[in-house]
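Everything below concerns the one structure shown next.
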Amino acid sequence: MIARKITHLSFFIIALAVLFISPYFFNDYKIGILSNIAIFVILAVSYNLINGVTGQFSLEPNGFVAIGAYVAALVLLTSESKIDQFSLEDPSNFILMIHSPSFIVALLSAGVCAMLLSLVLAFAVFRVRGDYLAIVTLGFGIIIKLMAINFASITNGSLGLNDIPKHTTLYWSGGIAIFSVIIILNIVSSKFGRAMKAVRDDEDAALAMGINTFNIKTLAFSTSAFLEGVGGGLLACALASVSPEQFDFLFTFQLLIIIVLGGLGSTTGAIIGAILVIGGSEYLRFLDESMNIFGYETPAMPGLRMVVFSIILILVMLFARRGIMGDKELTDVLFKFSKGKKK
Amino acid sequence: MDSSLILQQIINGFSLGSMYALIAIGYTMVYGVLRLINFAHGDIMMVGAYSALFCVTSMNVPFLGALSLAMLFAAALGIAIDRVAYKPLRKAPRISLLITAIGISFLIQNVFNVLFGSTPKYFPVPSYLEAVINFNNISISINSILVPILTFFILLVVLFILYKSKYGIAIRALAFDVHTVNLMGIDANRIIAIVFALGSALAAIGGIFWAVSYPSVEPSMGTLIGLKAFGAAVLGGIGSVAGAVLGGLIIGFTEVVVVAIFPDLSGFKDAFAFIFLVLILLFKPTGILGINFEKSRF
């Protein structure tokens, strides 16, 4: 156990060290990609908590990320900027009132708003199980996007919000990523984490053992919503703009690929998946553009990248269903000898 | 609002609802036998519309011929998807199947995106469907009368297949108990293929009439329509074909009539299906005409 803790600690020290020295080695473009990867690490590990660890197939992280992005943007934008931007309807007084230049306040309010929403939604979505849960959460994701389009006095409708201060740096996103991994790992190894796994493996048995399955599911759901909201705020401040189209089902799909590829239920897997998919999609960007194959100029094919990703997802499901890590963590693999005791 | 306008909206609602119903039948049948939300079903509908468009514009096939060819093509695609993606996962946890279905949906959509571009394409509507009947200040297109009638006819055919034919009995047996069906000497995979072919062909009809009513097709058209159709299937009672038709009609009808009465809500019309879905699942988990499946779990 102590060896495990030391290993964990050394990994975090390595991660922090990488975080602090990388600006001296990479150019701005690569720093941007690294920061993006860090944001998706936050989103993936938190999505994995509800989907992989607790086994509740939720399909609405796009909704929580959208809420977080909008809240952070509205908190950071000054009232003059809001009046300038809102062209469909005038901003409501409430929207003009909220303003804080502090990035931390913006991120925290993004997370808290997403978490409050998840607490309300939990009463509706956790009445149902399995496939129905998937479709109900997907429906809520669509409803949130429709709200972003239609409540123009709050969100500026389909035009979205622009000129958001670009506060997100690699230190912010990387630091919060490390922080969320620590939080998630601690939850997973706590009493609650074991209850979550019990709910995943057999909900009725968990209920019979005296676990309040609804509370456990809600805890996982709201923790993941909080971190997804914070991730959304980071994303908004990295891109300097938010719009409803950014957060449609495609966003959830991308997170789903990340956690399935890495291995549903494994936090290490979610991190690896985020690095592979976000880094890879940057690497595969050439697929969407025109290519020169043996002197023949192919036309630009926007969407080819998504074709490749869909095929990867299907192949993973068909041939390597457990993903890269299965449901194991890196330390489980490193300390194989302690595996025998656990089961 | 005067009564003629209301009547016109009711007819439009039935027309829209019938299209949802056609797509919902396929959803409900696949869910009945595989317990799988076939996310790719909406995209099969889109493929049906595109192949009809291709037949009409590039091969100069008359509309009815294009309809039949598109149905055949969609049926073949449905069977192919089942063989390649779902069949290897028959014994896998249900979540794997669901993720694969999402993957297939994105694959089809993006392949069409790459091949034909994401911009909507105009669908040439045959003139006899565009004709408009004027009757007491109401103008109704032939199309919006034909679609509900056609749906009703198809419903009768599907119910006949399900309840009178040998294959229908096998399909219902499969929906009832997968393990015993194999013991009874029925080839479950063949029956599942038939279900996919039938459902996909119906989705193609739905997609083509969608393209006729809103004369355009685009690669992403199937996603939202498909999800709403699944909402309709759950509302009517998943696993029940008549329920799927009923649910489809309710959703389509509400969308048109509520928006006509409360224009302020028009931005939220895509949400009605999901709000209904949540309410129904909260109070009556089996839907209106639903079969009581055992507690669904992965």
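Quick reminder: no glycine exception, Cβ is built from N, Cα and C everywhere.
Residues or ranges marked as transmembrane segment in TrEMBL: A:7-25 (among others).
Annotation source TrEMBL lists transmembrane segment at A:31-50 (among others). Long-range contacts of the transmembrane segment (A:31-50) within the same chain: residues 22-23, 56, 58, 61, 65, 168-170, 172-174, 176-177, 180-181, 184, 187-188, 196, 217, 220-221, 223-228, 230-231, 234-235, 238, 255-256, 258-259, 262, 264-267, 269-271, 273-275, 277-279, 282, each at least 6 residues beyond the stretch ends and with a Cβ under 8 Å from a Cβ of the stretch.
Packing against the transmembrane segment (A:62-83) from elsewhere in the chain are residues 43, 90-91, 95-101, 103, 105-107, 109-111, 113-114, 117-118, 140-141, 143-145, 148, 154-155, 161, 163-165, 167, 224-225, 228-237, 242, 244, 246-249, 251-252: each is 6 or more residues past its ends and has a CB under 8 Å from a CB in it. Positions annotated as transmembrane segment by TrEMBL: A:62-83 (among others).
Taken from TrEMBL, the feature transmembrane segment covers A:103-125 (among others).
As annotated by TrEMBL, transmembrane segment applies to A:132-149 (among others).
Per TrEMBL, the feature transmembrane segment maps to A:169-188 (among others).
The transmembrane segment annotation in TrEMBL covers A:255-280 (among others). Within the chain, the transmembrane segment (A:255-280) has long-range Cβ neighbours (under 8 A, six or more residues past its boundaries) at 33, 36-37, 40-41, 43-45, 47-48, 51-53, 55, 59, 61, 181, 184-185, 188, 197, 200, 309, 312-313, 316-317, 322-330.
Taken from TrEMBL, the feature transmembrane segment covers A:300-320 (among others). Outside the transmembrane segment (A:300-320), and at least 6 residues removed from its termini, the chain residues within Cβ reach (under 8 Å) are 250, 254, 256-257, 260-261, 277, 281, 284-285, 287-290.
Sequence-distant contacts of the transmembrane segment (A:132-149), counting only residues of its own chain at least 6 positions beyond either end whose CB sits under 8 Å from a CB of the stretch, comprise 56-60, 62-63, 66-67, 70, 121, 124-126, 155, 157-158, 244, 247-249, 252.
Within its own chain, the transmembrane segment (A:103-125) has Cβ neighbours under 8 Å at 58, 60, 63-65, 67-69, 71-72, 75-76, 133, 136-137, 140, 165, 167, 172, 176, 214, 217-218, 221-230, 232-234, 237, counting only residues six or more beyond its boundaries.
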